[in-house]
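First up is the structure itself, then whatever we jot down about it.
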Amino acid sequence: MTPDITTKPSETVSYRGADDGGQPLWRKLVRWETALVFVLIAVLIFGSAKESGFLDGTNFFYISLNMGEIAIMALPLTLIVMTGEIDLSVASMLGLSGTVMGSLFHDGWSVWAAMAAALLVGAAGGALNGLLVAKMGLPSIAVTIGTLTLFRGLAEIVLAPRTITGFPISLTKIGVVPVQGTKIAWSALIFLVLAIIFGVVLHATALGRSIVAIGLQPEAARFSGVRVDRIKFGLYVVSGVFCALAGILFTLKNSSVSYDAGTGLELNVVAIVLLGGVSIFGGRGTVIGVVLAVVIVGCLQQALTQMGVQPEVQNIVTGSLLLVSVLVPNSGELVRRIRARRRRGPVPAA
Amino acid sequence: MNHPVGKEPLLVLEKAAKRFGAVRALEDGSVTLHPGEAHALLGENGAGKSTLVKILAGVHQPDSGRLVIGGTPVVLSGPAASRAAGVSIIYQEPTLFPDLTVAENIFMGRQPRRAGRRIDRTAMNKAAVAVFERLGVQLDPQRQARGLSVADQQIVEIAKALSLDAKVLVMDEPTAALTSVEVERLFDVMRTLREQGAAVLFISHRIEEVLASCQRVTIMRDGRFVSTAPIEEVTADSIIRSMVGRELGALFPKTETDPGETVLEVDHLTREGVFEDISFSVRRGEIVALAGLVGAGRSEVARAIFGIDRRTSGTVRVNGRSLRNGAPAAAMAAGVALVPEDRRQQGLVMDMGIDRNVALASLGRLGRFGLIRRGSERDLASTWADRLQLKFGRMKNEVSTLSGGNQQKVVLGKWLARGPSLLIIDEPTRGIDVGTKAEVHRILDGLVSDGMAVLMISSELPEVLGMADRVLVLHEGRITAELSRAEADEDSIMRAATGYAAVAS
């Protein structure tokens with residue numbers, strides 16, 4: 001039933017609105033992703049200037065080997081942050097799933113069965129996060145700080161103080177050999193394939209549209225029939241599964257696992273997502289931005305390492321990146337708020 | 001009335017006017033309060049009562065008019081100035097500090113001190129007890145405010161007002177959330193206040209309460225003062241007549257239709273504490289209006305039908321199919337559309353483009369395997385932009401850049417694009433300019449002529465009378481009247497909305 005409401009031809013009158021939602025001027029002129037491309041070029045120039053072999057294929061393999069698992073975890077997190085939530089338990093999930101896989105393998109399970117079990121653990125852990133955040137409505141930052149500690153604690157009970165080794169060499173060689181005929185690591189290849197899938201989901205499907213709507217205005221999304229709770233729950237499960245996948249790859253790459261595998265990596269993952277231009281308030285961001293951020297962080301870390309910069313100093317760089325990527329996109333809003341506060345201050349109402 | 005009304009008025013507000021942009025909220029706000037009287041202020045939704053209260057509270061400054069308190073003309077530059085002038089406002093839902101004690105709440109910011117700037121708790125608690133004694137109520141000053149009933153919270157606010165030596169107490173619908181016993185106690189407190197020479201301005205939708213507890217009544221309509229009269233000279237009927245007695249403004253385009261088969265059947269719908277035992281039906285080709293005062297539970301009924309809120313009991317059937325509880329997606333699949341009350345929060349994603357907002361309720365239909373074809377999305381949006389004569393720059397412009405009327409058209413387009421069989425529309429023309437208002441009414445009329453069933457919620461009586469085939473009136477969560485187009489007039493609706501349905505006209 002499509003009732004004909006008007007008979008008059010439409011007249012399109014240009015309507016100029018007030019402003020475009022408090023974005024700074026430069027943001028309208030330059031897309032965040034474009035800026036990232038320039039940053040990447042700058043990092044590459046910086047790296048090459050310090051080290052002649054920086055753009056070399058072997059170096060590229062090491063970068064992709066370093067970044068693969070972090071990058072895989074960043075993809076589901078991108079979707080979660082797009083809905084306005086967060087998952088800080090990703091690295092602990094990586095550790096727990098690797099631990100479960102190692103311990104079952106050690107107990108005589110086939111390595112494939114152990115991997116499947118690790119993925120199941122990931123799904124269960126994600127479901128726990130999803131239950132607490134989506135169904136019970138608890139703040140995700142608190143919930144996932146809790147499960148960050150919980151998952152790591154479980155890993156310690158399962159494995160500590162052992163370190164499991166002896167995985168089949170046919171599998172562990174992914175830590176030494178690139179994908180045949182290329183210069184990239186297996187984990188990085190998996191990431192690239194996943195990135196395409198996540199990109200399509202976020203930018204061209206009903207689910208992706210719903211995720212954006214949830215992030216921008218959850219109530220309006222609910223009033224449009226978007227199943228907000230179910231989508232959030234699902235995203236946490238997906239996050240759990242892909243963190244488990246990262247845990248498996250991480251274990252095979254190192255051909256060993258201990259309970260503290262990947263400790264602290266969650267901050268790198270969050271930093272990448274935010275540097276990629278995903279708004280911490282939800283609703284804004286692109287997968288291509290996150291992919292660029294992965295490459296930038298990977299190259300930067302490699303350059304710093306080759307220059308012999310201490311890991312502690314690299315942490316400072318990661319932290320600063322995190323701050324800058326939250327600060328810059330929101331600078332317009334911040335300036336507006338500060339101005340408003342000033343105005344409110346000394347002048348009495350009316 | 002054993003206490004004589006004093007000669008010298010405590011507070012006089014004369015011809016106060018206030019506009020917000022193009023909206024005239026108040027054109028002639030006038031009220032005179034004498035010491036020792038409880039004075040009722042009555043009027044429909046939007047009659048200007050709240051604006052008048054906010055002027056007395058110092059929240060709004062009138063554009064023109066005169067305010068005299070205690071014989072001297074004053075200008076209230078803010079809430080603090082209002083308090084200093086001896087005016088206290090008791091709101092419907094007081095905001096106390098939940099973690100502080102009752103006494104601390106009363107003396108916030110002016111606690112009695114001991115040596116060393118320490119708070120003298122003993123003196124403070126004693127002072128609180130003294131105030132409660134003056135009011136004739138018992139309340140432990142040392143208990144935490146958390147967990148106090150709304151009635152007790154109001155008492156704390158009144159005590160605070162007394163301790164500030166307030167001469168004028170303005171109570172903005174204080175009884176809306178109270179039980180009858182609590183209302184009685186509040187009336188006792190009001191009597192005590194009057195006997196001590198204070199004036200109470202009492203705002204309520206419940207006419208019987210006004211008749212029972214006030215000495216004079218002032219009626220407002222459309223932002224203007226209508227009359228002030230002693231309570232002996234008015235009746236419930238005459239009050240209601242004065243509240244609504246106005247001309248029907250614009251003409252409404254209403255085509256006579258022949259209602260077809262039933263689309264929506266609501267049976268004993270209940271949401272505990274919100275509304276109870278709601279049963280009605282809506283047929284093809286008719287507009288059924290849900291009328292009532294703000295807070296009567298109209299929007300809540302709509303939300304429960306659509307599945308935003310869960311229902312406690314009862315059933316909702318659409319085209320014969322029973323709807324799952326609390327599932328908007330299921331309601332949508334059954335052919336229900338809801339244009340919500342709050343456009344900016346519920347109706348639209350303000351930071352998304354026009355095209356994406358229109359598409360948001362139809363995502364599953366815009367391509368295969370969940371993929372969205374941008375082309376179909378843009379086509380859908382421009383089809384509806386054309387049909388509804390949307391005025392816009394570009395399709396991808398964020399809807400926050402549109403005027404209120406055009407935003408409402410986007411919401412309408414978003415839902416009509418689904419081809420629903422039932423359209424629930426909550427306050428179809430709120431915050432919309434007059435021209436677009438008429439357009440929205442024409443659109444609704446066109447939809448119904450083409451066989452859609454429409455459930456309309458509106459606080460504007462002319463809109464209800466002009467558009468509806470049948471009117472259901474809600475009062476405090478219950479249907480108090482079902483009126484045909486012929487039976488419905490401003491009198492009958494207001495009577496049912498204020499709980500006076502039983503009174504013969």
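Don't overthink the numbers, they just go from 1 along the chain as shown.
The backbone N, Cα and C atoms fix where each Cβ goes, glycine too.
The transmembrane segment annotation in TrEMBL covers A:29-48, A:60-81, A:111-134, A:141-164, A:184-212, A:233-252, A:264-282, A:287-304, A:316-335.
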Folded-back contacts onto the transmembrane segment (A:233-252), same chain, C-beta under 8 angstroms, at least six residues removed: 68-70, 72-73, 75-77, 79-80, 83, 85, 87, 89-91, 93-98, 101-102, 115, 118-119, 121-127, 129-131, 133-135, 167, 171-172, 174-175, 186-187, 190, 194, 211, 261-262
Spatial neighbours of the transmembrane segment (A:60-81) far in sequence, C-beta under 8 Å, 6+ residues away: 87, 90-91, 94, 140, 175, 178, 183-188, 190-191, 194-195, 198, 201-202, 211, 232, 235-236, 238-239, 242-243, 245-247, 249-250, 253, 262, 265, 268-270, 272-274, 276, 278-280, 282, 285, 287, 290-291, 293-295, 297-299, 301-302
Residue numbers, six or more beyond the limits of the transmembrane segment (A:264-282), whose CB comes under 8 Å of its CB atoms: 32-33, 36, 69-71, 73-74, 77-78, 81-86, 88-92, 94, 148, 214-216, 289-294, 296-297, 318-319, 321-322, 324-326, 329-330
Region pair the transmembrane segment (A:184-212) / the transmembrane segment (A:141-164), three or more CB pairs under 8 Å: no
Cβ contacts under 8 Å made by the transmembrane segment (A:287-304) with residues that lie 6+ beyond its boundaries: 32-33, 36-37, 39-40, 43-44, 46-47, 50-51, 54, 59, 62-64, 66-67, 70-71, 74-75, 78, 191-192, 195, 198-199, 202-203, 268, 271-273, 275-278, 313-314, 317-318, 321
Sequence-remote partners of the transmembrane segment (A:29-48) [C-beta within less than 8 Å, at least six residues beyond its ends]: 54-55, 275-277, 286, 288-289, 292-293, 295-296, 299-300, 302-303, 306, 329
